[in-house]
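**Q** Here's a structure for you.
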Amino acid sequence: MSFKREGDDWSQLNVLKKRRVGDLLASYIPEDEALMLRDGRFACAICPHRPVLDTLAMLTAHRAGKKHLSSLQLFYGKKQPGKERKQNPKHQNELRREETKAEAPLLTQTRLITQSALHRAPHYNSCCRRKYRPEAPGPSVSLSPMPPSEVKLQSGKISREPEPAAGPQAEESATVSAPAPMSPTRRRALDHYLTLRSSGWIPDGRGRWVKDENVEFDSDEEEPPDLPLD
């Protein structure tokens, strides 16, 4: 950046130099470490007591002090872990995985030691095969051959035995598969029953027919028609 001078006024040159120095100093100060007030002065945002300074040169001198440096360390010590967590979540996950991998052998070893100490008895394994144990010899049964005459008698008895009768289910299935033909009288009785029911007559349970109260009859007959003989 170049400055253009007008005339030979040394005071103007000093003002320009001071402004240039102030711009250079301000470029090295982060925005979150200093605040510019309305009256043109500067306040330090790092120190807890918020000192107010008149010029950038005074702010630069304050920033070089021990109190400001200690406050700066505390400020970034609290702020940096949060930034790292927000910016690098993947890195944090990788570090956790590495820690778990490093601790895994120790955990497995301690787990095995505790299990072996608690379980004194051998573990049951379902894949193990049962060892062969010779069975105790039972009472010997003499299988003497039968004479040929007895063999013939036994075979004759077996051939003469009748076959077992079929159960009730088989009889029912036979009757269902082959229904008996209906007689004419039975058919007439069934037709008469259906006509009475369709006309509005209902049986009272005593062998008589009674008019249904919910049905309207055309005639005033109190007795149902008789069963036709033909």
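Placed from the backbone N, Cα and C atoms, the Cβ positions cover glycine too.
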**Q** Could you let me know which of S149, S219 shows up in Swiss-Prot as phosphoserine?
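**A** Annotation hit in Swiss-Prot: S219.
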**Q** Here are some residues: K67, K152, K157. Which is flagged as SUMO2 cross-link in Swiss-Prot?
**A** K67
**Q** Can you give me the Cα-Cα distance between S183 (phosphoserine) and K67 (SUMO2 cross-link) in Å, rounded to a whole number?
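**A** Counting only the Cα atoms, the answer is 125 Å.
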**Q** With Cβ-Cβ distance below 8 Å and at least 6 positions apart along the chain, what are the contacts of K67 (SUMO2 cross-link)? List them in sequence order.
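**A** Non-local contacts for K67 (SUMO2 cross-link): C47.
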**Q** Quick check on the zinc finger (42-74): DSSP residue counts for helix, strand, coil, in that order please.
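**A** So the zinc finger (42-74) is made up of 17 helix, 5 strand, 11 coil.
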**Q** For the compositional bias 'Basic and acidic residues' (205-214), how many residues does DSSP put in helix, in strand and in coil?
**A** 0 helix, 3 strand, 7 coil
**Q** Have a look around S183 (phosphoserine) and count the other CB atoms within 10 A of its CB, chains all included.
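**A** Neighbour count, Cβ to Cβ under the 10 Å cut-off: 9.
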**Q** In terms of DSSP three-state secondary structure, what is the assignment for S183 (phosphoserine)?
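**A** Its secondary structure by DSSP: coil.
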